[in-house]
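Trainee: Below is one structure. I have some questions about it.
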C-alpha cells in the first residue's frame, strides 16, 4: 500500500504517523457526509414547517439552532470515526442496513420516515469510512486521494450549511417576494429533497455493505472461521431487528431512540466478547459515543420528525 509516507525516508514511527493522518482524513470525509445530510434535512423540515401554520413553534426551534456548533460537531465526529476500527465500522453498517430494510418494508409502499434519515447519521459516517478503506486499498498515493476527497467533502458540507443558514433566515421573505432564485427553486422542488437523499443513501450503503463484508472476511484464514463469526452475527442482528420493531410499535419518542442505541451497542458488545478482539470492544464504546453525539446534536430535528 502506497501513500504520502511512501515518498518520505524511513524513520521510526513515520509509518504510524501517516496511518493516523489517513484515518483522520477518512474520518473527516465521513463527518462531512453527516453534516451534508443534516443540513439538507434541516432545509426540508424548515420548508415543511413554513408551509404549515400549525408548526410555527417547530420552525422557530429549527431556525434557532446555533450554526457555530457545527464545526465542533464535525471535529468530534472526525475524531470518533478516525478511532473506530474498520471491523466495528463494518458491523455498524451491516446492522443499520438490515434495520433500514426492515423499517422500509414495515412502512409499506408509498410511505417514508424522515426519522430514519436522522438515525442513519453515524452509520453513514461508518459507511463512507468503510467504502474509502475498500476502494483505496492498495491505491498509489492513498493519502493524496484522501486529502482530495476530504477537500471536496468539506466544500460540499460548507455549501450545504450555508444553504441551511440562508433558508432559515430568508426563505419566507424570498419565497413570498419571488426575489431569490435559490428560494424560488426550493419553493417549487423542495419536496424532492427526501427523494434525493434516499437515492444518495441507497447508493452509499450499497457500496458500504459490499466493502463491509470484504473488510470483515479479510481477517479470516479459512471458511470455518468465517462461519463461526457470521452465524452468531446473523442471529444477533435478526433478534435485534425483531426487538426494535416491537419496541417501535409500543412506544415512540426520544427515550425509545436512545434505548435502541444502547440495546444495539450492547448486543454488538456481547457478540464481540465471544468472537472479537479486545480492540473491537474499545471501538464499540467509541461507536456508542458517536451514536449518542449524533442524536443529541439533532434533537430538534428528531422532535420535528416525530410531530410530522
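Every residue, even glycine, has its Cβ placed from backbone N, Cα and C.
All TrEMBL annotations are machine predictions without curation.
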Trainee: Looking at the ranges 179-197, 198-216, which is given as transmembrane segment in TrEMBL?
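Mentor: From TrEMBL, the annotated transmembrane segment range turns out to be 179-197.
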Trainee: Would you mind telling me which of 36-55, 256-275 TrEMBL tags as transmembrane segment?
Mentor: 256-275
Trainee: Is the transmembrane segment (179-197) packed against any residues at least 6 beyond its ends, judged by a Cβ distance under 8 Å, and which are they?
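Mentor: Residues packing against the transmembrane segment (179-197) from afar: 37, 40-41, 43-44, 47, 112, 114, 117, 163, 166-167, 170-171, 173.
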